[in-house]
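Beneath this line is the structure, given in structure tokens, with notes to follow.
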Amino acid sequence: MPSLRPSWVIQQVVPPAILTYFAWAWRRCTWTIGRDYLFLGLNHRWLGAFYMAATNILIPSVATIFLRLYFLPSTQSVPPCRPPVDIASLKCVFECSPPPQALDDGYSLVVRGSTPAPGTADSLLSHCHRGRCGGRWKPARARHCSECGVCRAGFDHHCAFFANCLTAPHLPAFLALCFLTPLAVFVLATPVYWPLFFRAIAAWKESQVDPRAVAWWSWGPSWIVAGGPVGRWVAGLALGWRALDAVDGGLVAGSQRLEIGCLCVVGNVLAAITLALGWSTYTHIRDGELTVDKERTRALLRTRDSIAKLVAAAQPVPPALTADLERFGPRHWFFVPTPDSATWAGVILPTLPLERPYNLGPEGNLDQAVSRGRGLRWLLPWVAVRAGMAQDEVLCWPLDPDVAARLAQDADERVHAQT
């Protein structure tokens, strides 16, 4: 039985709540706003018909993408226990573990014929023994998710919105969801923004004179029981709204107005959250990074700051902090095969200080992870739900051609220096 951690409980509540909101929004937008308000109430037949059509396109589109992410299998992007044949047989370039004893100038040679001796190839690979991984192979850019208990290749972050991990193959769907949600909210809420705004102003004025609202403002615990200062003002506005409805609109029509107002508030909150998430994820991808890479950079800066403070105070630096410098640092190690050498199977080389091996440039990064040669068509729901990067790509992430060429040249030079 899963532990009742707060994060686990949130993930059981948030996705069903979002799906319920989609159904609620569809019902109110189609019938109350589209038919009753625009089509019949204001007699704007074409506008009402257009609005109802937009509702039945936008909300199902957003819901479809959300359901695609929500129902991703628990095994999505989990790497295999053993690496692919080309990696296991040392026939391709791949990111590997740092060599335990590198030569003075920072490289290590791998003797040909040392594989497939038991354990030799595995010594170059990273393995995860946390959670349910049980020693599973951990490819480059894979991270262990503490929420799910497994490693995932191309891990970006764990998202409570759909109670699953976001990984590289599903970045197009996530970004489409993040960018279509604000569009849907803006289009569907536009006809009622001004009526609701002026109604809210009138309700606020009414709350200053209505006896029940005045009693609420005067009640000391109102600062606490409604969820703090924000809840106090929201509750006071709701009381003024109800009082105004009793005077001029009837409680049934007033309840619908209040419900639509709540619908718009929730929608705008979701729109703001998804737009911020989408833009930050988009910029990370454009820069050749995933969200987890940004978090690791922040962790590296915190580690350096902690070490600097200890050194300034003439205190010893714990070994764990020193290990974190290498763990979160920007240096990567790669095994580079040397097929022309009869003695050496390959060379283990580090990246240079300013090299970013997985950065293909802004356009290349976006094309690889998101657009896949489709331009902006990845925003279309029926395109977005398709997987982005293929499984073999996330298991052996494509390298910057310049970095790959430099590694190959350095490997040849190291091998020739030994002959």
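Numbering starts at 1 and runs along the chain as it is shown here.
Glycine is treated like the rest: Cβ placed from N, Cα and C.
These features come from TrEMBL:
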type	residues	note
DOMAIN	136-207	domain 'Palmitoyltransferase DHHC'
TRANSMEM	7-26	transmembrane segment
TRANSMEM	46-67	transmembrane segment
TRANSMEM	174-196	transmembrane segment
TRANSMEM	216-239	transmembrane segment
TRANSMEM	260-282	transmembrane segment
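In terms of DSSP secondary structure, the domain 'Palmitoyltransferase DHHC' (136-207) contains 40 helix, 17 strand, 15 coil.
Contact between the transmembrane segment (46-67) and the transmembrane segment (216-239) is not supported, since fewer than 3 Cβ pairs fall under 8 Å when only residues 6 or more apart in sequence are counted. Same-chain residues lying 6+ beyond the ends of the transmembrane segment (216-239) with a Cβ under 8 Å from its Cβ atoms: 200, 203-204, 207, 210, 258.
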